[in-house]
Every structure is written in C-alpha cells, then in structure tokens.
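K.L.:
Below are the features I grabbed from Swiss-Prot:
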- CYS352: active site, nucleophile (ACT_SITE)
- HIS909: active site, proton acceptor (ACT_SITE)
- 150-160: compositional bias 'Basic and acidic residues' (COMPBIAS)
- 183-201: compositional bias 'Low complexity' (COMPBIAS)
- 246-260: compositional bias 'Basic and acidic residues' (COMPBIAS)
- 684-698: compositional bias 'Basic and acidic residues' (COMPBIAS)
- 720-735: compositional bias 'Basic and acidic residues' (COMPBIAS)
- 777-789: compositional bias 'Basic and acidic residues' (COMPBIAS)
- 707-726: domain 'UIM 1' (DOMAIN)
- 809-828: domain 'UIM 2' (DOMAIN)
- 71-79: motif 'D-box 1' (MOTIF)
- 96-105: motif 'D-box 2' (MOTIF)
- 161-169: motif 'D-box 3' (MOTIF)
Amino acid sequence: MSPLKIQGPIRIRSMQTGITKWKEGSFEIVEKENKVSLVVHYNTGGIPRIFQLSHNIKNVVLRPSGAKQSRLMLTLQDNSFLSIDKVPSKDAEEMRLFLDAVHQNRLNAVAMKPSQGSGSFGAILGSRTSQKETHRQLSYSDNQVSSKRGSLETKDDIPFRKVLGNPGRASIKTAAGSGITATRTIPSLTSTSTPLRSGLLENRTEKRKRMLSSGSELNEDYPKENDSSSNNKAMTDPSRKYLTSSREKQLSLKQSEENRTSGLLPLQSSSFYGSRAASKDYSPSSTNLDRTNISSQTPSAKRSLGFLPQPAPLSVKKLRCNQDYTGWNKPRLPLSSHQQQLQGFSNLGNTCYMNAILQSLFSLQSFANDLLKQGIPWKKIPLNALISRRFAHLLVKKDICNSETKKDLLKKVKNAISATAERFSGYMQNDAHEFLSQCLDQLKEDMEKLNKTWKTEPVPGEENSPDVTATRVYTCPVITNLEFEVQHSIICKACGEIIPKREQFNDLSIDLPRRKKPLPPRSIQDSLDLFFRAEELEYSCEKCGGKCALVRHKFNRLPRILILHLKRYSFNVALSLNNKIGQQVIIPRYLTLSSHCTENTKPPFNLGWSAQMAISRPLKASQMVNSCITSPSTPSKNFTFKSKSSLALSLDSDSEDELKRSVALSQRLCEISSSEQQQEDLEKDSKSCKLEPDKSELENSGFDAMSEEELLAAVLEISKREASPSPSHEDDDKPTSSPDTGFAEDDIQEMPENPDPMETEKPKTITEPDPASFTEITKDCDENKENKTPEGSQGEVDWLQQYDMEREREEQELQQALAQSLQEQEAWEQKEDDDLKRATELSLQEFNNSFLDSLGSDEDSGNEDVLDMEYTEAEAEELKRNAETGNLPHSYRLISVVSHIGSTSSSGHYISDVYDIKKQAWFTYNDLEVSKIQEASVQSDRDRSGYIFFYMHKEIFDELLETEKNSQALSMEVGKTTRQAS
C-alpha cells in the first residue's frame, strides 16, 4: 500500500530558498481537482510548502540510510530537489512506487489512502479529453462534489456496490474471466456520510449512465451497497487492488471514446445532489437538510436526469457563469494559510522580549509609514545599519514571507543591535524596556548618519529656489512619533528666580504608586501624574544664595505616541535579586496630559509633516527632526558646506586618514592668513576663475550672502579645485584638491562607493596646471612667504607616492582581515547554534518554574514617598469619564501593551497585545502564536503583568482610523464596480 504521509528529516533545494538545513517534518500527498501535490510540513510549525507533482516529476531516487531505513530523493522539472531521510524502508518504497506512478502518468491506477478507510482502488477517473468536453455541462454538479471533498477524507468503512449496467447504453464490462467487478463509491451529501477521497470519484460519464438505470435495479443493489464485508475482503490484497484499478482504467478510457462518438445528453442545472439554491450553502445544517429532502425522493426521481429535456437558455447561461467563476477550480488553501497575516515571530532562544517589542513598534502605523514611505536610499546605507535590510526589511515582509525567512530577518535585527549593545548578543533573557531603548537610540543614530553622509536628489520644484537648500533631509520616525520634550523649571523659593532646562525623552519610566489598602487600585493615570508632580530639592541659587528650590515639570512638545514604562521591579539587597511587584494597576483606555501642559506646549507633528517641509526655517537642536548640519547663512545650494568634524565622521575608513591631514592643513592655513590677505586671495582667485565662465558663475552666485569666514572657506574650496601643485602656500591643501575629497556633499556621497578615482584623478590635476592661476598664486605665495617653491612641489609628489603605498598596504590588510573574519564568523555560527539549543531548554525550564508565580507578589510598591495623588471630587470624576471617552484635551488612546509573565526580570516570558488599525481589532502576539482578544480583556488581564504601555494621541488615532475606513470603503466600491462591469 502506498502511504500518503511519511516523516523524517527534510532538506529542500530550490531557486527561491537555496539549500535549507535538515529539519524534522513530513511529506504528505494531497490530490485536489485531479492534481497531485506534495505538502511539506515542519514540526516547528509555520506555513506548509506545497509542490505540484502532476507532470512535474523529473526523477525519484531511493537509497538506503541505516538499518531498515531509506532516504527518498525527489527532483522536479524546475530542478528543485526534495529529500527526506531516515524513513522506514517499507514506507519509503511504497512512496517511491506512488511517485513513479505519478511520474509515468499512472495516477488513476494508484490508491490514494488505503490506510485511512478508503478500502479500494475502485474509483475510476475519466480521461482528460472527456472531462474537458463535458465540463461546461457538468460544472455545477462537479462544484458541489468538490466543495465537500475537504471534509470527507478521514472516515472509515466505505461501502461499495457494483456498477450498474444498462443494455440501452454502452455499459461498463470487466475483462473476461477476471472475476473482478468494477466498483465505485456512493457520492456523499453530508460531512457525516460515507467519505470520498478527493480526486478519486468515478468518471462522470459512468455516473450519468448509472443514473439512467431502472428503479428495480437500484433497489436490488442497495443491500449490496451496505454490505461492505465482502468488498473489503476482496480488496485486502494490494496486488489485486492494483490490477483491478489498471483494468478499470482501461475500461474507463474505452468507455469515454464510445461516449464521444455517441454523444451525451446535456445535464440539467438541477441534479440529484440537490437544488441550485441549496447547493450554495455548505454549512453542516444546510447539508443535512439537503440529505433529508433528497432521501425522501424515490430512487427513480434521483436517476431520471437522462429523460429530461434540453436545458433552457437561462439555465445554460447560469451554468456558464458558474463555470467562468475560477474560484471553484482553485485548490483550497490549508487552514494555516488563511492566518498568514496573523503569524508572529519565532523565538530564537529567550528572545520573547525582542518579539514583543517589535510587534508593538510595527503596529504603530505612523511610525511604519515614516520609516518606509519617504524614499530612503536603502542601497546606500551600510549593511550593518539597523534600518538597512534589517528593521525595515522585517517590517515590510513580516506579513508576506514564510516563517523561515522571517526567522532569518529576526536574526539580522538581533545581530545589528548586538553589534552595538553586546548584552543582547547571547541567548539569555533580557529586559524588554532595555531592548526598546537600545532599538530606538540605534534607529535615531542611523538616521542621523544617513542625513550627514548622503546627499540625495533635489526636492522637486526647489531646484531654482535661492532661499531654500536643495538637500533633502530624511525624517527620523523615532523623533517624529516617539520623542517628546519636557521642560524642568527650577524655581528658587527665596527669590523666585526661574531656571528652565529642557530634556528630550523617547519614553517615561513611571513609579508604581504606593497602594493604600482601603483605597481602590491606582491607575496608569495616577502614576503619570505622580511623575509630573512638583518636587523640592536642595539647590544653591546664584542670585540670592538660597538653598531650597522647587522643580516643576511640563511638556514642551508632545509626541504622537507616548510610551510609558511601569517600574515593576524592586531590588532585594539581602538576596541580590530583582523581584517583580505584581501590584494591580488599572489600565485606562485614555490618558490625559492636560494638567501637565502649558499654553506654549507644542502639539504632536501632524501626519503630513516631514523634515523637508521644515528645512527652510532654522530650528534649535532640540527641535531638529534630523541633525543634518548645514550653514544657515549660505542659502545658495552651490555652497552648502558641512563642518569638518561632521564630514570626517561621514566618510569611510579608506579616505579618513587623507581627510584628517587635509583638514589639519586647512585649519593651519586659516589661522595664519589675515582677513586682508584673504580679501586679496578672493580677488585674484576670481580673476583666475574667469577662464571657466560656467563654474565662476555658479560659485559667485552665493558670495553676496556670505560672511567673511564663509568667504574664506569658499576661497579655499576654489583654490583647491582650480590651482595646480606649484610653489605656493596652498600646497599644503593640495592633497584634498581632487573632486573626491572636496567638501561638497556630492563628492562625499561618491567617496564610499568608489574610492579609486581619488588616485586616478590626482596625476591629471598635476599634469594640467592652469598657467594664469599658476602665475598669480606664485606671486601671492611670494608675498605671504609661507612656503618655498621647489620643496613644496617635490614634497607633494612624495606625499602622493607615500599615500599610494599606504593604500596598497591597507588593501592587503583588509583582505587578510576579511579572510579571518569569515573564519571567525563560521566558528561563531557554530557556537550560536549550540547556545541556541541550550538557551531554548533553559527558557522552557525557567518559564515552567515561574509560571506558578506569574501573577507576582501582591504587595505594594514600597515607595514611601509616593503615596497618592490628591484629586478633588470633581477632578476624580472628570478623569474617570475621560478614561473611557477621551474628551479632555491632549488625550491619548491605548494601542499596545507589553506584559511580562514571571517573578523576576531574568526569567519568565514577554507577550504583547496590539491594536491593529487596519483590522480594527486587538491581537495577542505570543511569539509565533497570534490570537484575537477583546480590549476589555486586555485591560483586565494585564493589570498585574503590564510592563510597557503605548498610547497614541487621540487626534492622530482618529485621523488614522478615518483614513483606513475611507480606504476600505473605496476598495469595496471599486471591487463592486469591477464585478458589475465584468
């Protein structure tokens, strides 16, 4: 017997995935819509992979693998290679026979599931030619049968009966002397009836002939149908089954040829499967109703289709619509594929803290839009940057890729963070809040490097604008969505002197309020208000010498999303342990910041805001969305100079040494030169630039608005580009005169991409001096008496030769370092796999130990100085109403909660609950598992385990929700219009 499912280690090689590692799983054969497929399941879970076998098998090889075990290797037409190892030899041999039969197009002669109660190979499939000709007339009945196949695969004891012969029509006859009767299974009408194996129904032509038989023959055969013992006994021998199926196949082909010549009557739109109206409902209740109605009819009524008249044109038209609807013929997806968008992240080994934080961050729609929809040049970002092919790549593919690809992307994100924060490099449990802080800081740093390093295309419409720089500034999603500013006002109690101090935050760490037994549990709103309460501190006033001051905290700028970290851990000095406080804290739907804002508090950035919109007006450092350093007093885009320090940071290691030398020499020259001498240099250089009108026009366009210091920088820039190496005071700056080492941002952009032109263009600059510039610069050099003529030129050439040698040596060292790095990487990966196995076992053990303590201690926080906020009765009532409605100004709505289940920070488990704006529903992400949850359950179930809370500004939330609703309504309208047009 051919097994339909075998298990063992699996490895797949394909063009899409390459060669995978050996993983435990199973091969399962599935046939649907007359097509055979191989479904690969992995024991670790995930979406099954499906490979079509019909007309797609290239080769099947079976090799021994150990005692009584074999390895089955299957090659498909596209050279995809599938292997399953350590399979029992008997099962592997039977699977090979089945695959060979499929390969040789003998599918209809092979049994699909004898081990699951099918009991016979007797189901006969008609030829493909016959099916194509009769498809338009039989599509309605076929759709009804196929719709029930999926639920009729696991029942046992199928009764059989003989094929009814009809003398008036070409009946099916067995070979002479065979003694084997062609059998068929009765079509079932309900999920509880006798099952059918998908794809093994008999030829529709034979079915129609049996429907034309007389009622007496039908009644005579019913006892034989229900008597399955004789049939099962006759079909227990596999060889007899195979022989029977082969002969039935030949008879089926012969009969189909006869039907082609004789012709068939068209099938009426209503059949013995049930009425058209009833067939549209596939629920169990409606199916049972169909069975009742049909069973009440007489047998002759069921089999009377052959005597019906030709179908009406209306019926034919409706049948054609059913046929044209391709959804009936599409293979049904497995149940797991319907939840593809609801699949979480795999646990790499104690990485639940990372999964929970990433799910919460990715659920922030405005954050995701700012990261993905502003055209960031990902190819120009270093590969080890978090936002390049790491964070953004995972965000894009988290809902569309398979679990293995997603796992690889997760590893890359973890490695990118571990490269900066080594504590996350292993597989030990880490704190989710620490990971969140590191992730946000690293994203911010990477975006700053991007804006400092790369100059992008000019903004459309601003190429000719004289007052706006054409350099595009990319918006940092952390700053626009999560960062906010708090102003601390230190007020002297003696003289009233106020000293303001501003500070930026990505989140707030708030204390648990001390719980008073008689009072009800406190809420997140109470903890937030406690954080912003006024405090007294010792402070020495410079004005009056007072020693006491009062500190008040107010929001200076609000965020789109407010992240609150509830400090649930207390350190036990005696035991040196971090204990978790399981104090109950109410989680309100809405928070309000109105009492912590002033008239000057700035609202969050609106959804249409970007850094490019604000680039024309100067902002303070605390207000800059990105720290892209430009000169505010040089509006001309031709003279947008960066500071030397920031320039050095933005270049790669190959040009760093050269840049340091050039910067040092330039600074020395600036210190020696006086303002009068620089003015003379400007006039002389302007004359020399007249030989190149186009370039001089561009450069002089920005002189009017420049200060004296900036004119100096411009002169140095022009002299480095125009002058040749000559006996002048500018020889010291000559190593940076090639376009690749200039201060212009265009040159900076190309430096890391291709550093070689730096070497090839320098000799060209040396061999092609400008005579006019040479004369004037020589005269100017004699006046300043800074350098000597011959020594400077010779020293320049020697320096270039030395530089070339250093570059050669650095290249060799780089190659050696790369080779060593590859070896270390292989060793590290091996160690990582071992650590992963140990960490997984440790994680499961710690989770089981801490599960009983998941609620944590119910004692209060122990914060003696944090008792309770004193509200008036009216304020308390107003806050209570706002917690449900959010009517107060500056209200924020709950959109995500990260919870910790366990008693200590070094063990336990993290999960996240997020609100999906697109689906307008709450979901719980527990590593790979995703489940739907009600918001009320989130508020009640996480009141003792909630650790990090994400609140979105109510106006931003309402705007996103309204946009999503309009988008969905528009999509439905477009879909409706398309269906009507078709």
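Using N, Cα and C of the backbone, Cβ positions are placed for all residues, glycine too.
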K.L.:
Count up the helix, strand and coil residues in the domain 'UIM 2' (809-828) according to DSSP, in that order.
P.N.:
20 helix, 0 strand, 0 coil
K.L.:
What Cα-Cα separation, expressed in whole Å, is found between the residue listed as 'active site, nucleophile' and HIS909 (active site, proton acceptor)?
P.N.:
6
K.L.:
Using DSSP, tally how many residues of the motif 'D-box 1' (71-79) sit in helix, strand and coil.
P.N.:
0 helix, 6 strand, 3 coil
K.L.:
According to DSSP, how is the motif 'D-box 2' (96-105) divided among helix, strand and coil residues?
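P.N.:
Its residues fall into 8 helix, 0 strand, 2 coil.
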K.L.:
Which value does the mean pLDDT take for the motif 'D-box 3' (161-169) in this predicted structure?
P.N.:
40
K.L.:
Between CYS352, HIS909, which of the active-site residues has the fewest other CB atoms within 10 angstroms in the structure shown?
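P.N.:
Comparing Cβ neighbours within 10 Å for the active-site residues CYS352, HIS909, HIS909 has the fewest.
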